[in-house]
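Trainee: Please read through the structure below; I'll follow up with questions.
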Amino acid sequence: MSLEDAFDEPAFVPYLAAGDPDFESSLAYVEALARGGADVIELGLPFSEPIAEGPTIQQAVVRSLEGGMTPERFFEFVETLDVDVPLVCMTYYNLIYQYGPAGSQPVVPFVERAAEVGLKGFVVPDLPAEEAGPLREACDEYGLDLVFIVAPTTAGDRLERMMEQVSGYVYVQARLGVTGAREDVSDRTAETLARLEAYDVPKAVGFGISSGEQAEAVVAAGADGVIVGSALVDIVAEGHENGDAPDVVADRLESLARELKSGAVAGKQRQPGPERT
């Protein structure tokens with residue numbers, strides 16, 4: 001299934017850092033999200049300087065790195081997963097650029113390896129559209145998508161450059177600032193979605209969604225899906241701190257996943273329909 005096909009109905013797109021808090025537990029957690037109704041799963045390949053992340057995901061990155069996660073280990077993780085949903089790698093450009101044997105062409109070895117293990121695309125928060133040419137070309141060569149993050153403040157000319165290169169879906173930032181679960185949904189979300197109506201690519205809203213009610217409201221505002229990270233990572237962190245068994249944590253993740261997916265689907269029923277004459 002392609003990334004765009006995953007948005008045939010309102011999509012639930014969860015994020016977890018691969019390897020948090022350890023390889024085996026993380027496998028179970030990702031598979032629990034798939035059982036809970038995930039349509040696409042974003043897997044974080046940890047980088048030592050995660051500039052786009054809030055404290056919750058920063059700590060997940062630390063746990064993953066301390067557990068031995070590396071790019072090659074990440075690819076092994078993807079190969080080991082038993083899920084039937086598209087997987088997207090969320091990481092930082094330095095890891096993509098530096099991967100591969102000495103003297104190899106930058107970017108291409110990482111994208112080639114990603115295609116080999118079955119990944120469907122990338123989200124690269126620190127890569128401006130103006131500098132994305134090499135990665136876009138490699139993705140085209142190996143059949144992968146490149147997702148960009150659009151903020152409420154993204155200027156029109158920069159938005160145009162993003163939308164010329166984006167594929168799969170657009171990651172719409174619901175709030176300004178770094179990621180993290182919030183108590184409400186920004187009023188600017190609908191405004192940002194309205195700016196994107198002219199572009200024929202699914203729009204998935206993230207940065208702060210933590211409940212089924214929020215997921216419903218975001219889809220009702222016109223989104224094609226919701227992206228949820230911090231609320232799920234919080235469950236992993238709490239389970240790790242309390243010493244809970246992985247299957248217990250997995251059950252909690254699956255339960256929240258079902259709530260979020262149900263909320264997204266319910267939101268579709270609230271979207272304005274075509275005007276009747």
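Glycine residues also receive a Cβ, built from the backbone N, Cα and C atoms like all the rest.
Not measured: the values here are computed from a predicted model.
Among the features that Swiss-Prot reports, active site, proton acceptor is placed at Glu42, Glu53, with the record citing sequence analysis.
Are these features on the surface or tucked inside, and what touches them?
Mentor: Within the same chain, residues at least 6 positions away in sequence whose Cβ sits under 8 Å from that of Glu42 (active site, proton acceptor) are Val13, Pro14, Tyr15, Leu16, Leu87, Val88, Cys89, Met90, Val123, Ile227, Gly229. Look at Glu42 (active site, proton acceptor): DSSP puts it in a strand.
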